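What TrEMBL annotates here:
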- 359-374: compositional bias 'Acidic residues' (COMPBIAS)
- 358-390: region 'Disordered' (REGION)
- 6-38: transmembrane segment (TRANSMEM)
- 59-82: transmembrane segment (TRANSMEM)
- 140-163: transmembrane segment (TRANSMEM)
- 195-218: transmembrane segment (TRANSMEM)
- 230-253: transmembrane segment (TRANSMEM)
- 265-286: transmembrane segment (TRANSMEM)
- 306-339: transmembrane segment (TRANSMEM)
Amino acid sequence: MNEKRFVVALFGLAVAVVIGTLAYRFIAAFTVSVFLYYSTRRYHQFLARFRLPPRVRAGVVLASLAIPLVLLISYAGVLLVVEARQFVTDTALVSAAASNIAWFAAIERIPEFTVQGIYEAYQSGDLEPFVEFATENASFLTTVVSEFVLNLFVVTIVTYYLLVDGDRISDWLLRFDDDAIVREYLEAVDRELEAVLFGNLLNVVAISLIAIATFSGYNALVPAGVRVPYPALAGALTGIASLVPIVGMKIVYLPVTAAMAIPPLLDGAFAELGYVLAFLLVAVVVVDTVPDLVLRPLLSGDETHVGLLMLAYTLGPVVLGFYGLFFAPIVLVIGLTFANTALPRLLGVDDAQTTLVGSDDDGDDLGPDPDADGGVDGLDAGSTGADPTQ
């Protein structure tokens, strides 16, 4: 019997190594999937009120994420191309680039970004240098595009099935329950991950709305020469930039401020620079500082220490790259929750002892609510039980 168990354990270890290797290959996609799952789970649960099947609800959730994102990226891309073409035309950049870049030498002008303009450029041969450049770098471009599409596909599939079949995952994990330690730990991890990751999404939405309202209000009060260009887009990008550690929203509103200051400087209208400085002050106080002081503590989770969470947001991308922005907080929550719930039980320590959690103003421990409902809610993927419509 012992030999059979050893063989089974060895086989299981080999399978785990293979699965772990494959999972590590797509660790960024899996991390983003977990973030999207916890960010949208409440929305998925809300749709259950309309008696929609879990698969339909998951599809609605993903569409609700994809459509605004595609529209935002498309809008930003079109504006970028149009403004870049206008900048190139105004500054005679084509002639300067032609003398320094070999494949650019045959280009006389940048075609208009319209169907008619691109068609005329194709007929006149103005697109041939671009086509030749794309052909010479086809391998690199194909690799970049295919990697992006593959990771996007993985994110979509994993998020979808986490929303649909999360209850099965929870049931499987709870098979290893021992003296309710596993259940207690998974419930605590689930609650805290939802609080932290869903809080991220709420923070992005709230800051985007604040920035859009602030930028639009500023434009309504100032002369045309010092207005914020595309306030809706700038506000949305400001909210997304709030996820970036340390610099955060500054990577949006500081370049916007610089762009607003250029026309008055070139025209000699130095009096209008006062409006630009006022915009910078409003952006720093209303958009950046106040939401960071008020919203972030409220949306940072119930138990995880805000300072540790900020360190995770800061060090994660530095050590792991972009996906570390989500991976590091997830690991932090899992580790601190283990130290707070499972470890004391395993060591026989009194549950009333102080743990690494957030505290209120009086220093009282803000541990799990004793009146909290049972069940592994997050792993249940937004459904309260098996749905007969699946």
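Yeah, the Cβs are placed from backbone N, Cα and C, and that goes for glycine too.
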Stretch in 59-82, 140-163, 195-218, 230-253 most in contact with the transmembrane segment (6-38), if contact is a CB pair under 8 A: 140-163
The transmembrane segment (265-286) versus listed stretches 59-82, 140-163, 195-218, 230-253: most Cβ pairs under 8 Å: 195-218
